[in-house]
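Working notes, structure below.
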Amino acid sequence: MIGKLTGTLLEKNPPEVLVDCHGVGYEVLVSMSTFYNLPAVGERVSLLTQFIVREDAQLLYGFGTAQERQAFRELIKISGVGPRTALSILSGMGVADLAQAVSLQEAGRLVKVPGIGKKTAERLLLELKGKLGADVGVRAHAANDNQADILQALLALGYNDKEAAAALKALPADVGVSEGIKLALKSLSK
């Protein structure tokens, strides 16, 4: 299996890129979020990859972050979601938005992605719950590190994602961690 490619970016044609690794050119399919974060053609690039072998093709999918690759791996485990659909989901909303939609059980956000209907969205919410990593979900709700710490504390105290996210929204953006926890607990106790 090919887990990572590092080389020179030769071509960028969404959703495909061509990466030269010591004289061998690899065609890699990437999400649009990864595509927009790629360097200019001719510069060095490093992509985490997932190699998919099918009856009629061998495809290499590339990701800018480990979280995006993990989300892709979780998505393709779901019945009815193949690699192309998974890439479309990650292109349409990104990992943080996907994690937030799953934690808040918002099927409407998933339905906005081309190729995802209501039933598929509901299946995604059901099967992805708790699988995208707590840190990704926490960071999805938080605007900054202080808010992420406050949210993590609320989750550790036993509040669910919806309660903690609602309390976080009520806080000023520039609040400190200890003051934010106090204010959030006060609002949750009402």
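Each Cβ is built from the backbone N, Cα and C atoms, and glycine gets one as well.
On a predicted model such as this, the values are computed, not experimentally measured, just so you know.
These features come from Swiss-Prot:
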- 1-64: region 'Domain I' (REGION)
- 65-137: region 'Domain II' (REGION)
- 137-141: region 'Flexible linker' (REGION)
- 142-190: region 'Domain III' (REGION)
Tally of residues which DSSP labels helix, strand or coil - the region 'Domain II' (65-137): 52 helix, 0 strand, 21 coil
Secondary structure tally of the region 'Domain III' (142-190) (DSSP, helix then strand then coil): 33 helix, 0 strand, 16 coil
